[in-house]
Each structure stands twice: as structure tokens, then as C-alpha cells.
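Here is the structure we will look at.
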Amino acid sequence: MTMELESQEVVVETTTAAAAARAASAAHVRTTVALRLLAFAASLAAAVVVATNRQERWGITVTFKMFAVWEAFVAINFACAAYALLTAVFVKKLVSKHWLHHMDQFTVNLQAASTAGAGAVGSVAMWGNEPSGWYAVCRLYRLYCDRGAVSLALAFVAFVAFGVASSLSRYPRAPPPPAPR
């Protein structure tokens, strides 16, 4: 006579759940790495586009160093690109760390703030604000403004990729559905 205990049944279910979690973890790691590499590429491209952006007209050369917000944009995008690359490389070791989500949130907020600040300055440059004495200058420096718009679009892509990666770091794996009885 064999007697089956409840604890034996739970052990079998737990083992199956652990195997399902490992399988979900591999897909989770691949997705996280892909998102972080996308954020790396977009942040790096946005920073490089702005850092190399310059236009000369009538003896006046416009560069990103003329505006503090663009300097901050470049610095933050380089920092976010470095963070994205480091976390993409070490994601298998970091996926279980609780502080990863907090750092991801910090990075998302930095990316959002730098993109919003640069976008606000770009908006004033594009359309101006005549009551305050700011005139639209993008008619004169069209190439500079177009490259700035491209870098803002790239930074927004990085922001979205960081946001999704941050969500995945908060909920690293979905629990398997309960077994039917």
C-alpha cells in the first residue's frame, strides 16, 4: 500500500513551476537585452547627432555648446547609453537585483527630463515667443534645427525602450498559470 501525501504533490507542482519560470526567464532576458541595446543605440545616436551638429550662417556658427540644455542633453544621453550597455551585458546577473528597477526608473526620468528640456528649447527655436522677445530662428538655421529634431526623436525612442525595460525589471517573470485539477 502506497500512501501519497499532499506535500509530495506540492513538490511536483513546485518543480514544474520552477521549470516554467526558467523558460520564461530566458525569454525575459532576451527581451530585456534587446530593449537595453535599442536604448543604447538610440541614446548614443541622439548624443552624437547633437554633439556634431553645427551650422554657420553670416559668420555665426551655431553649436550645441551655445545652449546649456543641449549640453545637458548630450551628457545625459551619453550616461544613459553607458548605463544601457552595461546593464545589457550583465542582465543575467542583475535581473534578480531589487535595485535594478530603481536605477531603471532613475534613468527613465533622466531621459524624459533631458528630452523635454531640449524639446522646449527646440519649440521656442522653431516657433518663437514674440511677447518675450524670442524669435523663431529655425528659418535661418534649418539644418541645425532639423538635426535637433532627429535627435529628439531618437531620444524619445530611447525613453520608450528604457520605460519598457524598467517595467520588465519591476516584474521580471510572470508566474505560471495554476495547474488544472
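Just so you know, the numbers here start at 1 and follow the chain as drawn.
Backbone N, Cα and C atoms are what each Cβ position is placed from, and that goes for glycine too.
What Swiss-Prot records for 1-30 (among others) is topological domain 'Cytoplasmic'. On the 0 to 100 pLDDT scale, the topological domain 'Cytoplasmic' (1-30) averages 56 in this prediction.
The transmembrane segment annotation in Swiss-Prot covers 31-51 (among others), and the record cites sequence analysis as its basis.
Note on the topological domain 'Extracellular' (52-65): residues 71, 73-74, 140-141, 143-144, 147-148, 151 of its chain, located 6 or more positions outside it, place their CB under 8 angstroms from a CB of the stretch. According to Swiss-Prot, the topological domain 'Extracellular' annotation covers 52-65 (among others).
The transmembrane segment annotation in Swiss-Prot covers 66-86 (among others). Sequence-distant contacts of the transmembrane segment (66-86) (same chain, six or more residues past either end, CB-CB distance under 8 Å): 36-37, 39-40, 43-44, 46-47, 50-51, 103, 107, 110-111, 113-115, 117-118, 120-121, 148, 151, 155, 158, 161-162.
What Swiss-Prot lists as topological domain 'Cytoplasmic' is 87-107 (among others), and the listing cites sequence analysis. Taking Cβ pairs closer than 8 Å, the topological domain 'Cytoplasmic' (87-107) reaches residues 25, 28-29, 32-33, 36-37, 40, 80, 162, 165-166, 169-170, 172 in its own chain, all 6 or more past its ends.
For 108-128 (among others), the entry in Swiss-Prot reads transmembrane segment, with the evidence type sequence analysis.
Helix, strand and coil counts under DSSP for the topological domain 'Extracellular' (129-147) come to 9 helix, 2 strand, 8 coil. Taken from Swiss-Prot, the feature topological domain 'Extracellular' applies to 129-147 (among others), supported by sequence analysis.
Among the features that Swiss-Prot reports, transmembrane segment is placed at 148-168 (among others), with the record citing sequence analysis. Using a Cβ-Cβ cut-off under 8 Å and counting only residues 6 or more beyond its ends in the same chain, the transmembrane segment (148-168) has close neighbours at 28, 31-32, 35-36, 38-39, 42-43, 45-47, 49-50, 53, 70, 73, 77, 80-81, 84, 101, 104-105, 107-108, 111-112, 114-115, 118-119, 122, 125.
Residues or ranges marked as topological domain 'Cytoplasmic' by Swiss-Prot: 169-181 (among others).
Across the topological domain 'Extracellular' (52-65), the DSSP tally of helix, strand and coil residues reads 2 helix, 8 strand, 4 coil. Remark: secondary structure over the topological domain 'Cytoplasmic' (87-107) totals 16 helix, 0 strand, 5 coil, with classes taken from DSSP.
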